[in-house]
Amino acid sequence: MGNAAVLNNTSTSSTAQNILCYDPEDVSSNGYKVRNPLKFPAPLMVFQLSVISLTSLLIDAGLKPLGQPSLVAQVLGGIIFGPSLLGHLESVRETMFPTRGVMALETAATFGVLFNLFAIGVECDSKRMFRPGKKAIIIGVTVMFTSLGSTMALAMLIKHFVVMDPLLAKALPIVAASQCVIGFPNVCSLLKEMQLLNTDQGRLATSSAMFCDIIGLTLASVGFIKLQLEKEHTMAQKLGSIVSPLILVIFTVFSIRPAIKKTLRLRPEEKPVGENYFVCVLILVLLYVLTAETVGQHYLFGSLVLGMAIPEGPPLGAALIRKLHYPVGKVLYPVFLTTSGLKTDIFTIHFKSLWVIALLVLFGVLVKIVIMMIITRYTGLTIQDSVILGLILNARGICDVVFFNLWRVSQALSDEHFAVAIMLSVVLVMVIITPLIRFLFRALEQQAPTMRRTIQHSKPDSELRILVCVHDLQSVPTMVNLLEASNATEQSPIGVIALVLIELVGRAAPLLITYNHSQGAIPQDASISLQIINALRQYELAFESCVTLQPFTDITHYELMPEDICRLALDQNATIMILPFHKHWEIDGSIGTVSRAIQTINTKVLRKAPCSVGILVDRGILKGSMATLSNQGNIYHVAVVYIGGPDDAESLAYGARMARHKNVSITIIRFLMFGYDNARERKLDNSLIEAVRYENSTNENFVYEEHVTRDGVGLSASLRGLEDRFDLIVVGRHHEDSPLLVGLGAWSECPELGVVGDFLASTDIGFTASILVVQQQRIRGKWTSRTMKPVVNNQDGQYPDMNNAINNGISTPRVSISSDHPRWEITIDRTN
């Protein structure tokens, strides 16, 4: 006789029970030719997991163009196979999701939500939870308790004035209380999918949600203690129910967390976390789940408390998140959401229950938005930001689904009201608020300021503000050389905004760290940033009278970094930003490492940058010396390649500034096409170049060259001739479809560098010079006019003939600088 198991039937009333008999030795079939595999637990469970995952992926792919989150797809996948749709057919229900398979599927779902909440706890920054900031506390406490009081008051009014059955009256307070939930997992999951975690509104929402989680977790624990007290009879048992959860938390904070930190400190830093650490943590999770159940708390309490005790970020937190991401986040956790959809039966819903709960849910959503708008004077937010934040705080997710499942199991919610709550409070709310948040963010982006932030259009002797982005130590010396060559003076100082880019791993919320001279403790995964910042600090100290440094560290996902870079450039009023190239050279000239993530970042920043952009191709290691310019004592040779266009005008303006440095030798190399003449373009280019030549007429370190070529072949040959002559070559990214470039872009590997920049950065030509590819600021996708302002300003009549020459568009050979000037060369390609 097989063993018997008593299960709740998920497709009928929550009070109904089925007694099933099964043979514990008959778990798997011997093949479809012998017996139907779906009649046995193991193949049935594998089939269910496969169908659930595949269906969720297909629905998610269909809803992505509509801007819907994955949560909606996963719950809808369960609803499709549940009694609401396909599960209503007996043949489908008995074949795919029979009652005998419920226990195994529910067990998989339990492990999915258990380890998912553990991972969420690992990603949480415990310091930010308890010290979220004054603004986050005001928002969290006000919105949470005001929405709780308002929705509970409305629920009481509805119960008083509307005639309803006892089950609905019992469910109303529960649904009302659920509307005040501001869960960090809900908010973080939504913002991560929408790539809004690193926005100002996203950071404030996550901080507020973290603080609300402390309140919510405390209230939930008190609730479970109260339920446990009702079951206990003696005073000792009641006292144990109260004290045991507190002992578990205290033991975790003062014993488990310090022990884990000490163990990690003892391991060699250069070695990754071993498998033994991972296995021990998993065993510890199971022990905590058992302990939580033993002391009368829900098993999720144990997994979440332990997760928050694990140090976030590398080495352990990041390793755990990587290992749990796919098996838990992509397979087991969606099973939990799908099983919630399987329990949803729309045929049990009555119209009165539908409109009453819908009114309560809609009121709860609106209350949060209205409260955010009311407290704007205390938060300093605009009305539009407040509406966005109110919508974000209405995010639904795992917290709500767990909440409704717990009350369904305790029979506080019937199947009817559980179905209404899942459909309205979770699915419908997410379907509505997600596109609204996207729409409002796009409206904010269209209101971005359109001020000119270029070197060419900067005021004379104004501060040059440069945002430098660094993601490793290797590129620091070349970056410092570029900053030194930029010629900081007391009349025209340089403000350096340094942004260290670090990938977010093992954390839920991104961090943007601001440093000062008395910086305290920082996260362990940001420790490399201190080395980079200290190196840049030496540059500041060497030129302390004319250089200021404001360092930042951005710890976020690679796909979110472009937003942080552009926003920081806008906030700090940067004139130009310097981005790292995605390839690194080895000392033998070969390519060492390639980061496609950095390439994607550069491409996105070029599209939406609020200022001019430079991509620095660092080949400093090929020179055999990584010394900075101030320590070399030699001349730093810089070439500016000029073909034409706004980007080359910006490069020329940058080169003109460098030419004022006593240790920098500047060579302007202009390429012209033989037999091709656009009078208007030639006049504009002449005007810009003449200004630079006039300014450097007495500069012995200034060279001007003209190369006249017939086609792209001649241009490539001339560019190859620059080999080993320079330390840095500056070139514009785009050249307005110049005929000189025909054929050069056919084999472009890095389109973000442009045709010429990609050619110079290629490993085939064997250059050792670093390359700076410059793009002038685009305003709403369009170039600024390079005729608006010359690259050199004629102040106080310093060059009396310059303005006449510029206005008349005098050609190069007729300027006041004699043709026999030792620093002026013309090369003509005479090949047929």
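Every residue gets a Cβ built from N, Cα and C, even glycine.
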Transmembrane segment per TrEMBL - which of 170-192, 653-675: 170-192
Where TrEMBL places transmembrane segment among the ranges 71-89, 318-336, 565-583: 71-89
Winner by Cβ pairs under 8 Å against the transmembrane segment (170-192), considering only 71-89, 136-158, 204-227, 387-407: 387-407
Close approaches to the transmembrane segment (40-59) from elsewhere in its chain (Cβ under 8 angstroms; 6 or more beyond its ends): 22, 26-29, 70, 73-74, 76-78, 80-81, 96-98, 100-101, 104-105, 108, 330-331, 334-335, 338
Stretch of maximal Cβ-Cβ contact with the transmembrane segment (387-407) [cut-off: under 8 Å; candidates 71-89, 136-158, 204-227, 354-375, 419-441]: 419-441
Segment proximity, the transmembrane segment (277-301) to the transmembrane segment (354-375), 3 or more C-beta pairs under 8 Å: no
Interface present between the transmembrane segment (277-301) and the transmembrane segment (101-124) (three or more C-beta pairs under 8 A): yes
Overall pLDDT for the domain 'Cation/H(+) antiporter central' (499-621), taken as the rounded mean: 82
For the transmembrane segment (136-158), sequence-distant contacts whose Cβ falls under 8 Å of one of its Cβ atoms, 6 or more beyond its ends: 164, 172-173, 175-177, 179-180, 182, 204, 207-212, 215, 356, 359-360, 363-364, 367-368, 371-372, 375, 378-379, 389-390, 393
